[in-house]
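Report on the following structure.
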Amino acid sequence: MEEGRDDEYCSFSNSGDRDGGLSGCFFLDHVGQVLLSRNHDGLSWKCLDSSDCEGTTCLGIIICENSETEIKFSDIYAVEFVSYGLVHSPKLGLRHAKECFRERLLNTQEMYRFTVHGFQSSPKEPCLWNLAAFTFGHMDLQTCQSWMDQLNYSLIKEVERPRNLLVFVHPKSGKGNGSKVWETVSKIFIRAKVNTKVIVTERAGHAFDVMASIQNKELHTYDGIIAVGGDGFFNEILNGYLLSRLKVPLPPSPSDSFNSVQSRGSSSVPEPGDEVHETDQKEHYPLLPDSVQEVMNFRTVNGSCEGIEDPDHPFSSERPRFGLIPAGSTDAIVMCTTGARDPVTSALHIILGRKLFLDAMQVVRWKTASTSTIEPYIRYAASFAGYGFYGDVISESEKYRWMGPKRYDYVGTKIFLKHRSYEAEVMFEEAESENSKASLHTRSKTWPFRNTTRSEKILCRANCKICNSKVGWNSASTTLNPCPEKTRWCRTKGRFLSIGAAVMSNRNERAPDGLVVDAHLSDGFLHLILIKDCSRPKYLWHLTELAKRGGEPLNFEFVEYHKTRAFTFTSFGEESVWNLDGEIFEAHQLSAQVLRGLIPLFASGPEI
């Protein structure tokens, strides 16, 4: 650095206010001299060295485009001082490095430096967030410190960001790399000055027990609860929190809904002109009590029902935000809420305080087996509940845990070859859109077992208008927003290869579009998928459509698909097994209902 050039590093402010504009000349590592500016929502910089930015030197290589570059405060997770050291000249391609080495070496200088840490979206995968660091150098230490103070002040104003987190790590999740995943991302939390209390689970149900027993006073000292594991581990933590706190009326039992059902034998969609049996909302819509105090059938920590509220674990309107760092076998929840199955991306969503709300499904088991007495038992699911094929796969997979995630492919093939079907009865509350959709189904002349109907699909994305249309969960009480005044229940009975209820699309590596491509994260609906008994080739075609991007897995005659807020299930076999977010759930009779926007989550939704 030559003497007499200190004026190039002067900083000047357009406003005395901390929120006002601020500009100054700095050297950006590997770029060159830039004019750095701070405005109300972020940083921007513009190259000042024409020899670097115009691309007229070093054989015409453009080192830095002559345009402004920026990063928003909402995308910055840390600013740190990195002491006195080298600020490098612009990066060069290998072909030209030798020719320009001597010239660029002269421009490499030592100065005081600070680094702005943020992220950049991958050009090919916008949902994938890559760590990015921008190091700025200046000859004056006080100037660097002043800029750091200003930037940190701006970050403090990002009020949604967590400062203290309770982290559960499942060391054996997925391929058994839960601890390694946390070790990788924990460095980002440390750099962002986020305090973490880490609990590495030692047994099944460990996280559930901690969440069920922790006092709300202690829970409120944390800004969020983080799971490092898979969907099943997230389910365990969620149930530990909700079962001891959430008090809402239960959904109708199968016998209750039968009294108000419009029965049509094996057809669950009424034809145009049919008489519609409507019921009053107070009778059959379970989530609209007359008052906050009018609740029924509460449950204890173990899921059984009682009528006594636990005073040590009331359900707070200020619910903790949950987060999930993927380390599981499928990681469908992360795929649906961030768009990427990437621990670093999920960690950044958490640190930067991204927020959305997820629907949750309350599942009530009335009977375990056909000979059991009626005894309500409650669980919650954040993504999926499945019976038949799905239940058989999760049940059989327990024998092959030593295989890791590959066990699902192996067991799935075995169950497919067995081609078992189950006799059952399903009743569901019909959504308003079902009435018009029912009259539109027509048969394809070329493929008699496929439907020709193609409806416009509105996919769930970041800042989704459908999910943000209204908040489903009333933060002032444990009630939901008003629902339609009248509801209609329909019944379908027969033999099924599988029955699935999806809360979200459930995208994963085996089903890139998910079970229902246009399912939303917080629209207040369950997506009921009934696969009726059919030949093995037809079922294989359905699974093939499910496994490819742009497929139509629901467009078959033997597939019934309904959007609903609640449904009931009764098996005609001796026993039945359900898959609840990847966990085994035995239920001969069950009911389920959606709770809109119940779960606050550190995520922003997929970008594309």
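Glycine residues also receive a Cβ, built from the backbone N, Cα and C atoms like all the rest.
If you look up Swiss-Prot, you'll see 160-367 marked as domain 'DAGKc'.
According to Swiss-Prot, the ATP binding site annotation covers H170, P171, K172, S173, G174, T201, G230, D231, G232, F233, F234, N235, E236, S329. Look at G230 (ATP binding site): DSSP puts it in coil.
Neighbour count (other Cβ atoms within 10 Å of the Cβ, all protein chains): 29 for D231 (active site, proton donor/acceptor). The active site, proton donor/acceptor annotation in Swiss-Prot covers D231.
The compositional bias 'Polar residues' annotation in Swiss-Prot covers 255-269.
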C-alpha spacing of D231 (active site, proton donor/acceptor) relative to G174 (ATP binding site), in angstrom: 10
Local backbone state of E236 (ATP binding site), from DSSP in three classes: helix
Spatial neighbours of F234 (ATP binding site) that are distant in sequence (at least 6 apart) but have CB under 8 A: A227, F322, L324, I333, A382, D581
Arithmetic mean of per-residue pLDDT over the domain 'DAGKc' (160-367): 80
Cβ atoms near H170 (ATP binding site) (within 10 Å, other residues, all chains): 27
Cβ neighbours of G230 (ATP binding site) where a neighbour is any other Cβ within 10 Å: 25
